[in-house]
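Written out below as structure tokens is the structure these notes cover.
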Amino acid sequence: MFGTVVVGVGIAGLARIRDLMNPMPSSPSEHLKLIGFVSRRSFGNINDAKQISLEDALKNKDIHAAFISTENKSHEETIRMFLEAGKHVLVEYPMALSAKAAHELWEMAEQKGKVLHVEHIELLTEEYKQLKKEVVGKDLVKGTLHFTGSVLDENKSGFPAFSGIARLTWLIDLFGDLTVTSATREKQKDKNYSRMTVHFQTANKKPLTWIEERGPGMRREKKINFCFTSGCLENFPEAPRSSVGLFMQDQNLFAKKLLGQVSKEELAAEKWRILRCLDLAEVIQQHCEEPEKIYS
């Protein structure tokens, strides 16, 4: 059994507590036992889960793994603390708000022989699984992924290329390695509006565009337009509802890693994808923050 602690009790943290307390029968999650949770706010207990201090969570020998569900800006520091304390770590994406920090943390986990698992539930949705089936084996001509959503506090969530890394993960997983050719950001502070537009090239020099747009009252929505030599895909394929929740699927994957049930090849591919996406997110941020070129 692996004793666990949940750090951060927002929407994701509460889902983690629920799933740890109610593991799927005969699944790897049955090897996880919730010892308690950590929060800056005072809750006492949530259901039968006990609130403990961060210091106790780091010192407790019965806690082998931490589930980190805090604000994005504190992921890096919290991962570092738990790895230094000799714990395995599951963290919600993005694992850090800089590529350098992400590489350092991954190296640290490997040196200590600990599992560092980054949640990417966007790859576990039925919608995405059906989309991937549609895309596999087709020759891309050009494509666009356009995301809209409500306003985020960037001081907590980070630059849009990091907070929106789920979209970048989709593109890398669907089309392989990408190169950033340009990236710009439009901001209207008075309207609390932001639009980031990124242009990529695939390894075959095909153009892909990612638009991340946020403003007050904007519906959370993804639109696709992927054109292949065989035709265009403009709507998501019909997808069945999954009987297993996304956080539970992710928890099972983490437990499989703790039990040594994931192949080295799968682990290496996942590590490459996560770090590559964070490298690209940083390149995008640098492009967007470059001072405007002035031509005389």
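Including glycine, each Cβ sits where the backbone N, Cα and C put it.
Feature annotations, courtesy of TrEMBL:
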type	residues	note
BINDING	Val9, Gly10, Ile11, Ala12, Ser39, Arg40, Arg41, Tyr93	NADP(+) binding site
BINDING	Cys277, Cys288	Zn(2+) binding site
DOMAIN	3-120	domain 'Gfo/Idh/MocA-like oxidoreductase N-terminal'
DOMAIN	128-240	domain 'Biliverdin reductase catalytic'
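Distribution of TrEMBL features across the structure.
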| residue | record | contacts (Cβ under 8 Å, 6+ apart) |
| --- | --- | --- |
| Val9 | NADP(+) binding site | Ile17, Phe37, Ser39, Arg41, Phe43, Ile46, Ser69 |
| Gly10 | NADP(+) binding site | Ser69, Thr70 |
| Ile11 | NADP(+) binding site | none |
| Ala12 | NADP(+) binding site | Ser69, Glu92, Glu119, Phe247 |
| Arg40 | NADP(+) binding site | none |
| Tyr93 | NADP(+) binding site | Val118, Glu119, His120, Ile165, Ala166, Thr169 |
| Cys277 | Zn(2+) binding site | Ile165, Leu168, Thr169, Ile172 |
| Cys288 | Zn(2+) binding site | Phe159, Ala161, Ala183, Thr184, Arg185, Met196 |
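The binding-site residues listed here are Ser39, Arg41; among them, Ser39 has the most other Cβ atoms within 10 Å of its own Cβ. Averaged over the domain 'Gfo/Idh/MocA-like oxidoreductase N-terminal' (3-120), the predicted model reaches a pLDDT of 96.
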